[in-house]
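Data block below; observations after.
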Amino acid sequence: MQAKKRYFILLSAGSCLALLFYFGGLQFRASRSHSRREEHSGRNGLHHPSPDHFWPRFPDALRPFVPWDQLENEDSSVHVSPRQKREANSSIYKGKKCRMESCFDFTLCKKNGFKVYVYPQQKGEKIAESYQNILAAIEGSRFYTSDPSQACLFVLSLDTLDRDQLSPQYVHNLRSKVQSLHLWNNGRNHLIFNLYSGTWPDYTEDVGFDIGQAMLAKASISTENFRPNFDVSIPLFSKDHPRTGGERGFLKFNTIPPLRKYMLVFKGKRYLTGIGSDTRNALYHVHNGEDVVLLTTCKHGKDWQKHKDSRCDRDNTEYEKYDYREMLHNATFCLVPRGRRLGSFRFLEALQAACVPVMLSNGWELPFSEVINWNQAAVIGDERLLLQIPSTIRSIHQDKILALRQQTQFLWEAYFSSVEKIVLTTLEIIQDRIFKHISRNSLIWNKHPGGLFVLPQYSSYLGDFPYYYANLGLKPPSKFTAVIHAVTPLVSQSQPVLKLLVAAAKSQYCAQIIVLWNCDKPLPAKHRWPATSVPVIVIEGESKVMSSRFLPYDNIITDAVLSLDEDTVLSTTEVDFAFTVWQSFPERIVGYPARSHFWDNSKERWGYTSKWTNDYSMVLTGAAIYHKYYHYLYTHYLPASLKNMVDQLANCEDILMNFLVSAVTKLPPIKVTQKKQYKETMMGQTSRASRWADPDHFAQRQSCMNTFASWFGYMPLIHSQMRLDPVLFKDQVSILRKKYRDIERL
């Protein structure tokens, strides 16, 4: 019985196998016959429809789905042959072995330093607004030169941002235009900016012309094509991204615990087919509609309904229920999946919103990855492990989440909030490669205030900057140099400048006194100056302009600078107290005369006031202490146009210094004690000091406020209501218990 069953099973299997071979052979022969008939009919101009029982040809069932700039547009006529792909790839990888050592001429940078030349714009050439902003940022920077013979780096005026052939911004015949440039030199020492490259269906990283030995500052660049220590990966930004300044991050205060309404969110397009569709098509597996809200829509492109699947209607309905901004500001983590290209606008949006980015874009070289440690600000995921993302982020400790969130705000404000910062960061990275002996280290790039405000030309030692004392375990300086700005001749021994000099010299923290003689009269004889226990150095300014008081003089031997106007009235006790306060806040301006700014709605401009109000945003440098690094930053970071304005008006230098320090620290200055007698309306009426009583003086300061705010691109000044007084100040206790007892008598 068992043998019969075995024979029956073998016979059935053999019959099935024979039938399979038979019908398969017929199908194969029919297919070959059909292809021959098609070939024959093609030659004779005839067409025969294929039988219904033929095997389906799946590529025909999936029609091309063509996006551009993340806005879907279908153009089924676009076809890329294998030969065209090979040509595109060859142009991409032709200079793949380029590095700074092999494709960059360092000798051009040795003579004049790091200078950048922008080619003159050619008549008739259209330039997109985004590229105009890039060129404007370069031309407004301290690196710019209009003389190509002084240049170390060259930037094209031809718009290379959008190299998608379907884009209306695409510049045709770029290859011949670039080759005709007499300074091109096969791209050597050239930098090319690019946001979009390639087109449907592959989105290769081909920019459409031979870049030769040029460097690429490129968005959505892959790790495979990225040339380390040569190219620069930049973020993908929209045409509405501000040119300068930009909005600050949305994190106004830290919440403990740092959890928001949603754990993980995303809202964006769902690509049904093609490159970039795999991850977005699978997001619904992770979406739970509660604390993980991942929304996609099929409604994009002209013919989206032709490609819709059974889930589209449900996804579209769910998509409309949520407001993207509300989700963004109430989420702990934001998913940043790849689009058609590796980069996404969601990346910068998440950074600004203090929503920790969860990256799902395998192979993307993250922006400025050469200097930024993204593990401190983002979660780097893997597209292949999508289903593990929720459990991964839930396992992150709250302390780590808070640190990640704070770092997103720092990176956004330091490097990404404007086109100017993106461009300057790119240039600073290249400069660090050229001058490696004074390049910034990882701590500078990843800690406040960031690489753009810490100039390595000042010093290669972090302890010489006021921002890293805690990181290095150092104590702030114990001595200061008093710099007195003198503009009136010395005619009497009772002049305020001499009393001020003696009071400063008596301070236990004073190392030396420098008198900056900006008076038109000759220097007084040495015996006219009072005898002091510390050295007194008199420097005669060559140009005798207002900005000269902030020059980085080699004579200043201490890190702390006590800046004084010649008619300031301060006692030794007040000097000592201000300096001890500054030692706790070495990165800020600490002093006595406070002023404030406000927005004038009627005039739609910024205003300046010296009224005694409950808050302030400036401490004038007529009686203030700050770090001497700000002298170097004032001289070498600020543009000549602002300093020339200050010198021509002989005014506003103190306002400009406050703008600079607040822009760097993102913090207000600190006022000490309630002293109010330092007022512009109470200054002397003689000689050059009469500028304080000049009716135009106050109007000039109003104008300066708006000019400075325009250059910075935003208002960096921050209001504060904090005033620091000595312990037991004005308390009803014995005067013997008070350290700075003389301050109460003033």
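Just so you know, glycine gets a Cβ as well, placed from its N, Cα and C.
The annotation protein binding site is assigned in Swiss-Prot to Leu166, Tyr203, His300.
DSSP assigns Tyr319 (UDP binding site) to a helix in the three-state reduction. According to Swiss-Prot, the feature UDP binding site maps to Lys267, Lys269, Tyr271, Arg280, Tyr319, Tyr324, Arg346, Glu349.
As annotated by Swiss-Prot, disulfide bond applies to Cys98-Cys103 (among others). When secondary structure is read from DSSP and collapsed to three states, Cys98 (disulfide bond) falls in the coil class. Of all Cβ atoms in the protein chains displayed, 22 besides its own lie within 10 Å of the Cβ of Cys98 (disulfide bond).
DSSP assigns Cys152 (disulfide bond) to coil in the three-state reduction, outside any helix or strand. Counting only same-chain residues at least 6 apart in sequence, those with a Cβ under 8 Å from the Cβ of Cys152 (disulfide bond) are Leu108, Cys109, Asn112, Gly113, Phe114, Lys115, Val116, Asn189, Ile434. Annotation source Swiss-Prot lists disulfide bond at Cys109-Cys152 (among others).
Residues or ranges marked as disulfide bond in Swiss-Prot: Cys298-Cys312 (among others). The Cβ of Cys298 (disulfide bond) lies under 8 Å from the Cβ of Arg270, Leu272, Trp304, His307, Lys308, Asp309, Cys312, Asp315, Asn316, each of which sits 6+ residues away along the same chain.
Sequence annotations record features per position, and here Swiss-Prot assigns disulfide bond to Cys334-Cys355 (among others). Neighbour count (other Cβ atoms within 10 Å of the Cβ, all protein chains): 29 for Cys355 (disulfide bond). In three-state terms derived from DSSP, Cys355 (disulfide bond) belongs to neither a helical nor a strand segment and is classed as coil.
The feature disulfide bond is assigned by Swiss-Prot to Cys652-Cys704 (among others), with similarity to another entry given as support. Cys704 (disulfide bond) counts 23 other C-beta atoms within 10 Å of its own C-beta, drawing on all protein chains shown.
The feature N-linked glycosylation site is assigned by Swiss-Prot to Asn89 (among others), with sequence analysis given as support.
The N-linked glycosylation site annotation in Swiss-Prot covers Asn330 (among others) and is backed by similarity to another entry. Long-range neighbours of Asn330 (N-linked glycosylation site) (same chain, six or more residues apart, CB within less than 8 Å of its CB): Arg260, Lys261, Tyr262.
The topological domain 'Cytoplasmic' annotation in Swiss-Prot covers 1-7.
Residues annotated as topological domain 'Lumenal' in Swiss-Prot: 29-746.
For 8-28, the entry in Swiss-Prot reads transmembrane segment.
Highest local Cβ density among the binding-site residues His300, Arg346 belongs to Arg346, counted as other Cβ atoms within 10 Å over all protein chains shown. For Cys103 (disulfide bond), the nearest neighbour among the recorded positions Lys269, Tyr324, Cys334, Arg346, Cys652, judged by Cα separation, is Arg346. Cα of His300 (protein binding site) to Cα of Arg280 (UDP binding site): a span of 14 Å.
Its Cβ placed at the centre, Cys652 (disulfide bond) has 24 other Cβ atoms within 10 Å. Of the residues the record lists as binding protein, namely Leu166, Tyr203, His300, the two whose Cα atoms sit farthest apart are 18 Å from each other. For the pair Glu349 (UDP binding site) and Cys355 (disulfide bond), the Cα-Cα distance reads 8 Å. Comparing the binding-site residues Tyr271, Tyr319 by how many other C-beta atoms lie within 10 angstroms of each C-beta, the top residue is Tyr271.
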